[in-house]
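**Student:** If you scroll down you'll find the structure; I have some questions about it.
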Amino acid sequence: MLLLAALLTVACDARELDADAARADAEAAAETGGRSDVPPLAIETARPGAPAIVDLPDFTELVERTGPAVVNIEASAGNGAPARNAREEIAPDPFGDDEKGIGRNPNTPRRGVPDQDLPEFFRRFFDEQPGMPVIPRGGVSQGTGFVISPDGYVLTNHHVVNGADTIIVRMSDQRELTATLVGSDPLSDVALLKVDAQNLPVLVIGDSNGLKPGQWVLAIGSPFGFDHSVTAGIVSGVGRRSLDPSQQYVPFIQTDVAINRGNSGGPLLNTAGEVVGINSQIFSNSGGYMGVSFAIPIEVAMNAVRQLRETGQVVRGQLGVRIQDVERGRLEELGLDRPAGAFVDSVENGSAADRAGIRPGDVIVQFEGRDIGRSAELPPLVGAMAPGSKVRVRVIRDGKPRELEVTLTALEVAGGPERAPARQPAADNGRAFGIVVEPLDAAARAALDLKAGEGLLIARVEGAAARRAGLQPGDVVLQVGRHEVGSLKQFADAVAAVADQDEVRLLVRNARSTGFVILPTR
């Protein structure tokens, strides 16, 4: 007990000494006016107007100059019958789920991302469904646009106004003007509006052909309804291909500019304040910005604008081929030294390509003097040409270049011919790769324009892989690997010749087209 009492006494004395010291310090500070003998820190404060060490762009003046020409768009639908989704009307499906005869050739191997996965990849900014969204009846769509002429022409996205009965354009000075739809083009996702006004501020149309990765770009829009929001970034890539089936004719500009819902239809500007693109899509797993945004090149948009003003619709040239990138593993077989060009997977019967002599297995390496590096580069070039145009196409066939002249036809936007009717099998032989084949009769040869001894009819499809590839009874097998087949013996010999391979490429024809199908051999 005595020890504990002693410890408590010492602790109390220590606290009293600390308190006395603190009072003494305070009294000393008061006597010296709060001054201390400790020297002050050598802190350097910012000087007004000091030059920047790193010269980053200041977009203030650019935004002040261009902002007044950027508008907010509110599109609403009434209570009548719902408008049709544009995807149902025209959008071809390259992944094979299209039943109207305008999508993927059923004989073309499935490649890329399945359609049901598209919402996880490409999202427009007010809808999370693939294809071209449509405003629901009684619903409202918020987007952005910009004025391109003083007399009231406004450019925006097709999907912003698709299905709208009423379109309101809100100017930067808060005026609200009712707009009429001059025309819209789902394939380029461009819409042209007209408001009744004069002397409006306009944006200068620039040149997107000269854009290069690393260049600064700027977006002005209304994300989530926040009017005239400004974001900036750089060009990440050019000539990008969308996974959206309806957008294969647009070589998108990829940027890291922060784009969100409501930015649709807004301008993408260069550092000179010129429009180089229209913000249209984002790549996202969540529906929000993830650093990958896409804009429609302004040249593509203005081509659509010119046609919409003149005729109210946009027409495009068409080759009539289905293409894919050249696989590196097939360079030797194709006679190429690098994986460049567009590999022709199938050719539509009677198409411009068919009449010019383009065949499945050709590699298109040049179109009208322009080299084709990737397959995605070809559709925009073809689509930009008018139907009836005569174009020069260079292909590589069996390792040798060939120059062909093609007269383009008009791009079809509605269904094609029916498939050849199915027939019952005559025998149980001719079975391989999950299909059963039999010789063709004279009527079937005439229907498919085949010569005697050319091709075998698919009588039955038994294998799951063959069904997934789109094969159906009534299709005709022309080649197994590199071997032409016109009899059951030739078929058996060709099957034996590829027995040591893991997969085989069949050349197949139906009423619509001729193309390749890849099937496992085991």
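Keep in mind that glycine also has a Cβ here, set from the backbone N, Cα and C atoms.
Here's the feature list from TrEMBL:
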ACT_SITE  H159  active site, charge relay system
ACT_SITE  D189  active site, charge relay system
ACT_SITE  S264  active site, charge relay system
BINDING   H159, D189, G262, N263, S264  substrate binding site
DOMAIN    320-372  domain 'PDZ'
REGION    89-116  region 'Disordered'
**Student:** Could you tally the C-beta atoms, other than its own, that fall within 10 angstroms of the C-beta of D189 (active site, charge relay system)?
**Tutor:** 30
**Student:** Measure from the CA atom of H159 (active site, charge relay system) to the CA atom of G262 (substrate binding site) and give the result in Å, rounded to a whole number.
**Tutor:** 11
**Student:** Could you check which of the recorded positions H159, N263, S264 is the closest Cα neighbour of D189 (active site, charge relay system)?
**Tutor:** H159
**Student:** Using a 10 Å radius around its CB, how many other CB atoms surround N263 (substrate binding site)?
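**Tutor:** So the Cβ neighbour count for N263 (substrate binding site) comes to 32.
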**Student:** Distance between H159 (active site, charge relay system) and N263 (substrate binding site) at the Cα atoms, whole Å?
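**Tutor:** Approximately 12 Å lies between the Cα of H159 (active site, charge relay system) and that of N263 (substrate binding site).
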**Student:** Averaged over the whole of the domain 'PDZ' (320-372), what is the pLDDT?
**Tutor:** 90
**Student:** What is the total of other Cβ atoms whose distance to the Cβ of H159 (active site, charge relay system) is within 10 Å?
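**Tutor:** Looking across every protein chain shown, the total is 29.
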**Student:** For the domain 'PDZ' (320-372), what are the DSSP-based totals of helix, strand and coil residues?
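**Tutor:** So the domain 'PDZ' (320-372) is made up of 12 helix, 19 strand, 22 coil.
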